[in-house]
Amino acid sequence: MVSVTRSVFGELPSGAGTVEKFRLQSDLLGVDILSWGCTISALEVKDRQGRASDVVLGFAELEGYLQKQPYFGAVVGRVANRIAKGTFTVDGKEYKLAINNGPNSLHGGIRGFDKVLWTPQVLPNGVQFSRVSPDGEEGYPGELKVWVTYTLDGGELVINYRAQASQTTPVNLTNHSYFNLAGQGSPNIYDHEVTIEADAFLPVDETLIPTGEVAPVQGTAFDLRKPVALGKHLQDFHVDGFDHNFCLKGSKEKHFCARVHHAGSGRVLDVHTTQPGVQFYTGNFLDGTLKGKSGAVYPRHSGFCLETQHWPDAVNQPHFPPVLLRPGEEYDHTTWFRFSVA
């Protein structure tokens, strides 16, 4: 059984609307999701003793989400990740996007899908959010109708993304939750054991745009096909952290993506997806300046993201899996986050 409870989370400034919170509760998981940016603001998971802790970084009040912050828990779009120099060409026409990350466009631009109020609809086992992204929003072509659906089934949180376009446009939607399986507010993720089911990854240039090479993980720091203890692994390979796309199976069917195990609590997160990639990000840009829930601060490496996605800058890299959505087609992807104890 899943219960869904709806409440007011806060009011946007200058009468811009009311942000609501939806509490999805099963016997194994409790999830809070906001209508602002479809944001997962809390995710309570039991440890092996049956004690629940909140395992996502975020804020207790709306003000936290409205300040400059690194997309905690939000759905990002119209195109997640980076587009080189904020430009791309579709059907011979060049489009220019806002530059908001070095020389590039990141996560949909200055006011992406994470910074808008979505329209909610309560479901028996979850909540569906919808919005229409107008033609030209943040520089993208055509109107895009978008639906993001969160459902709970026992220990599994399922996120489905659907979109329909009036003109050909790139679309890439993901959720940007930062997890710490020891509980949010824990100082780092070094004691997490990580597995990613990828034979290849995308090397990046100094602005974090893929070079175009699809590189085998074999013999590199990116070989996470067998479980690695994250802290030791970063030390062994002299790596400052991960912020890279791992190339998954090309199939549109549900496939295994990643597993993270926290031995101290026994919590395990298994991720499956229909997407061709996952950005594994280890919170390298967190710096301890943001005040989170329950007085937590979030220093570098205090959370990790597994952003299931199409590959970064795919709109400019023809040999990457295609990222364009055409009129009459439907973008439809699902990611499954399953929590358990071991």
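Note that Cβ sites are derived from N, Cα and C of the backbone, with glycine treated the same way.
The structure displayed is predicted, hence computed values, not measured ones.
Listed in TrEMBL for this protein:
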{"type": "BINDING", "residues": "Asn81, Arg82, His176, Ser177, Tyr178, Asp243", "note": "beta-D-galactose binding site"}
{"type": "ACT_SITE", "residues": "His176", "note": "active site, proton donor"}
{"type": "ACT_SITE", "residues": "Glu307", "note": "active site, proton acceptor"}
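Counted within 10 Å of its Cβ, the other Cβ atoms near Asn81 (beta-D-galactose binding site) come to 27, all protein chains included. When Cβ atoms from all protein chains are considered, those within 10 Å of Arg82 (beta-D-galactose binding site) total 24, not counting its own.
All chains included, 16 other C-beta atoms sit within 10 angstroms of the C-beta of Asp243 (beta-D-galactose binding site).
Long-range Cβ contacts of Tyr178 (beta-D-galactose binding site) within its own chain (separation 6+, distance under 8 Å): Val56, Leu57, Gly58, Pro70, Phe72, Gly73, Gly283, Leu286, Tyr298, Gly303, Phe304, Cys305. The highest number of surrounding Cβ atoms within 10 Å, among the recorded positions His176, Ser177, Glu307, is found at Ser177. Spread of the beta-D-galactose binding residues is 18 Å (greatest Cα-Cα distance among Asn81, Arg82, His176, Ser177, Tyr178, Asp243).
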